[in-house]
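Let me begin by presenting the structure, written as structure tokens, before commenting on it.
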Amino acid sequence: MKAPASNPPSLPVLIALLAGATLAVFLLSTAIGYAPLDLGAATHDWLAGRPSLPALVLTELRLPRAMLGALVGFSLGLSGAAMQGLLRNPLAEPGVVGISSAAAFGSVLAFYSGLSASLSLALPLGGIAGAILATFLLFVLLGRGAGTATLILAGVALNAFAGAATALALNLAPNPYAALEIVFWLMGSLADRSLDHVLLALPLMLLGWGLLLSTAPALDALTLGEDTAASLGFDLGWLRLRLIGGTALAVGSAVAVSGAIGFVGLVVPHLLRPLVGNRPGRLLLASGFGGAILVLLADTALRLAPIRPELKLGVVTALIGAPFLFGLVNRMRREA
Amino acid sequence: MAIEAHGIAVALGGKTILQDVDLALRPGELLGLIGPNGAGKTTLLRAMAGLLTPAQGKVLYDGESARALGRQALARRVSFLAQGGDTSWPLSVEAVVRLGRLPHRQPFGGATQADSTAIAAALAHCDVAGFGERTMGTLSGGERRRVLLARALAVEAPYLLADEPLAGLDPLHQLEVMELLRRTARRGAGVVVVLHDLTLATRFCDRLALLDHGRLVAEGTPEAVLDDARLRSVFNVVALRGRHDGEPFLLPWRAQSHGQPDEI
């Protein structure tokens, strides 16, 4: 058996490289912050159980932030690749089915109602509730055996509704400061998150990742069209359910803990697709790691940048992502 | 041993597409599914592949229903080649053909020797073995269609259902695909091919099934099915007939003008 020559790295090598890079930027993100931190001493104190200031900075600030960055990035990259595979469209992204906007609205509602003032986890819990409600609504709208066009249309409707509801909350905000806080939250950030956020999101995300990764063979088959995929033994209705459910769990909880972080789910699968021979199934895991790398890098860069107040993570990813889209438009125009 | 469609009726969006169709596909035969546009050929093929559930009637695979077989077992038994020649992503030829092995995959199992053998054989049969590492986007339309046919053959299913595999091919490759389908049938598979070319249908198919307005109007040898009366009533054409090298041929010659007696 000869190894395929045109796919530069083989899949295990590529995944190992991406996982190694994720670990590296994770450590980088932990090491870099607003105050200098002796990582060695902090780790030593932490492991020894000494509640010194460096140990507290490490465990209460740096680690939760880096962990959330990796988790959120992985969720966005993975579900972006899955959604592009399902819709067979390189412009699809996790937000296309409306779950992200619904999660954002859920958090905004928690904010608006004042719940977040009395309960520290009210924002992420509200976000998760929004995502669950949206998913349920989506499944009802789709019913059994609805096609891809119906899914996109339902997503557009859900996006529009959640967007309008968020705008309404802003409109009715009791004072300008509340409105400003909502707007800032919507921009997406990993600042000032605690280990509680990690523990809340992690189980949901793991479940979502499992569902999404299980769709790999079906997404490969879908490259040949829906009829052929079905003739290869795949239940497309069940595929859509798993994919939407997985996206809802992964991205819904990501939005709930970090706000809306755009473009990661769109850009990362694009960049990595050539490295996996354009195979949608192989792209899943690779995009997960790619997303984690991108979010961790962006979150590290914004802390290094001499700009105060701190740039919002969603702003940075959009600033990176939008020029990328311009480039894509340019390339498509030349190919057309 | 056969795929048997019994009393199939299909309605899509309130419109009757198929009505009371009985058709059997036996191993080792090349069955041509013909009929004018909109006769219901693709719908019948999809029903026979288990891709749509008929409103009435049933399809049995060697005596078993699709439900009793299960999805993956059905996928190993029936290979389906859809219309069109596009893939959503520019995969390599080898990767496309490898998709035909998906019904044979085991949980957490890698590629097997049987997979490699089947892929190599399918690539060779369709004369695309030299394309292995090229991507679909770099191939011509005809080459892409042959790669997709190789994908369907890689399943190594006892039944192959091909929907218009000749569309967009030049005469050489049309002949080659028909020969390939006939060889596949001779190796023991039951093959259904939907096609519009009555000349090739007559020349290559062991048996023809003629659909018109959702009904099966004739079934049998090409000569028996495509007689002058049916060519007129179903296709509205008048055909030229002859023999070459001892084989009969049929060539649709001119449209039948209404109300005039034909002169051939």
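Each residue's number is its place along the chain shown, starting with 1.
Here the Cβ of each residue, glycine as well, is placed from N, Cα and C on the backbone.
TrEMBL labels come from automatic prediction, so no person has curated them.
The feature transmembrane segment is assigned by TrEMBL to A:66-83, A:95-115, A:121-142, A:149-170, A:176-191, A:198-219, A:239-272, A:284-305, A:311-329.
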Leading contact stretch, A:66-83, A:95-115, A:121-142, A:239-272, A:284-305 vs the transmembrane segment (A:198-219) - CB distance under 8 Å: A:239-272
The transmembrane segment (A:149-170) vs the transmembrane segment (A:95-115): 3 or more CB pairs under 8 Å: yes
Outside the transmembrane segment (A:95-115), six or more residues from its ends: residues with CB under 8 Å to it: 83, 87, 122-131, 133-135, 138, 151-152, 154-159, 161-163, 165-166, 169, 172-173, 178, 181-182, 185-186, 244, 247-248, 251-253, 255-256, 259-260, 262, 265
Residue numbers, six or more beyond the limits of the transmembrane segment (A:284-305), whose CB comes under 8 Å of its CB atoms: 14-15, 18-19, 21-22, 25-26, 28-29, 32-34, 65-66, 69-78, 80-82, 85, 190, 209, 212-213, 215-216, 219, 261, 264-265, 267-269, 271-272, 275-276, 311-313, 316-317, 320
